[in-house]
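Colleague: Supplied in structure tokens, the structure appears directly below.
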Amino acid sequence: MADSLELVIDTIMAREVLDSRGNPTVEAEVLLEGGAIGRSIVPSGASTGAHEAHELRDGGKRYLGKGVLKAVNHIEENIAPALCGLSSLDQATVDSVMKQLDDTDNKSNLGANSILAVSMATARAAANGLGLPLYRYLGGPMSSLLPVPLMNVINGGEHAANNLDFQEFMLVPHGAESFREALRMGAEVFHTLKDLLSQKGLSTAVGDEGGFAPNLESNKAAGDLLMQAIEQAGFKPGEQVSLALDVASTEFYEEGQYCYGGNSYSSEQMVEELAGLVNSFPIVSIEDGLAEDDWDGWSLLTKKLGKSVQLVGDDLFVTNTLRLQRGIDENIANSILIKVNQIGSLTETLEAIELASRSSYTTVISHRSGETEDTTIADLSVATKSGQIKTGSLSRSERVAKYNQLLRIEDELGSQATYAGLVGLGPRGSLKG
């Protein structure tokens, strides 16, 4: 067991590195007195909610304005002096000090990217100092639930240069006995889908999250393709592998109307469109089915589908306890997407997860479209017993890195490991029983 002095923060460094889109992002390193090091890199999103914490960029010509040297500077000149000498074990204090230093509601002074990088690196340094895996350090000895992956195998919207309006069409291999088997099932459907696309003369180029990005005549056509791929891979749709959608509807919401596919829909009509898809396909989860500030529309959607489908708020809640509490109070949605960089610190992320859990909302731990080799979210999904993770398709190493980390965790847990399966999917899981 490490001496408490060995776990005191000694040095904090930062640098500008690249994410999976070739854009700069922030990496932080926290060195403890005893020699343990924690390193973390923050992700960034393409379809970002208006209520997310502020990601600080440099502007100007360098990296087309997307440099992060200001954020790196803030870490080394403002954050490091304030944190050195504190215990890495006191995550809440570390994050609170940074929040006070920033002194804005959305972290626009220091930047959520600088605060989060240090926050996550501190947790990893503490875990390394104690000789514990990160999931065990964050979650304790009872953390043994492996999440169901929501695998984004067809990309559209802001994640791909194609004509699909909905952003993600996902596989959900809930019928597996283990995470390892779930990953295999997803990979087999992914490769079958690639063959199907090739046979139809469609593009097999991949989007930001590693899924295919073909031009298709409609969102329904994407669902039909996935059903065909699941069956041809030898699995039963709805029993072993189901579907999930990220509509990302804020991206095509204009003046109170949802405009896509050459048509405009009111909130009521959009709800009926989604209900029609649920009737046509084994859809277990819909994310951002309505826009981030269309609270009345969300209420209609929840009344229509909330007892049969997981309704996930991403742009709606932005990992923010204030917005989540409003959703809970108004019975809106039944699940929250958890993105660490939406709120900008590990402590606030854990608070959002705790509030959701207390209120019987499911949680889905999620990557961003601009990702890195950092695997923190894999450990976080196990630590928090979330039961679900979104980390892209079965290609691109920044996506696969998280899957591989979950394989390692499952191996390490051995007979203690439990795969969440259908139970992890909230209302749909309880109905299927």
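Including glycine, each Cβ sits where the backbone N, Cα and C put it.
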Colleague: Could you look at Asp224, Asp246, Asp374, Asp379 and say which one Swiss-Prot places alongside Glu287, Asp314 in the Mg(2+) site?
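Modeller: Answer, per Swiss-Prot (Mg(2+) site with Glu287, Asp314), from Asp224, Asp246, Asp374, Asp379: Asp246.
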Colleague: Of the candidates Lys194, Lys390, which does Swiss-Prot annotate as part of the (2R)-2-phosphoglycerate site that also includes Gln167, Lys339, Arg368, Ser369?
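Modeller: Only hit among Lys194, Lys390 in Swiss-Prot's (2R)-2-phosphoglycerate site, alongside Gln167, Lys339, Arg368, Ser369: Lys390.
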Colleague: Using C-alpha atoms only, work out the spacing between Asp314 (Mg(2+) binding site) and Arg368 ((2R)-2-phosphoglycerate binding site) and round it to an integer in Å.
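Modeller: A Cα-Cα distance of 11 Å.
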Colleague: Would you mind checking how many other C-beta atoms are within 10 angstroms of the C-beta on Ser369 ((2R)-2-phosphoglycerate binding site)?
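Modeller: I count 25 other Cβ atoms within 10 Å of it.
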Colleague: Relative to the Cβ position of Lys390 ((2R)-2-phosphoglycerate binding site), how many further Cβ atoms are located within 10 Å?
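Modeller: Result for Lys390 ((2R)-2-phosphoglycerate binding site): 29 other Cβ atoms within 10 Å.
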Colleague: Starting from Asp246 (Mg(2+) binding site), work out which of the recorded positions listed here (Gln167, Glu209, Lys339, Arg368, Ser369) have their Cα within 10 Å, and give them in sequence order.
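Modeller: So the list reads Gln167.
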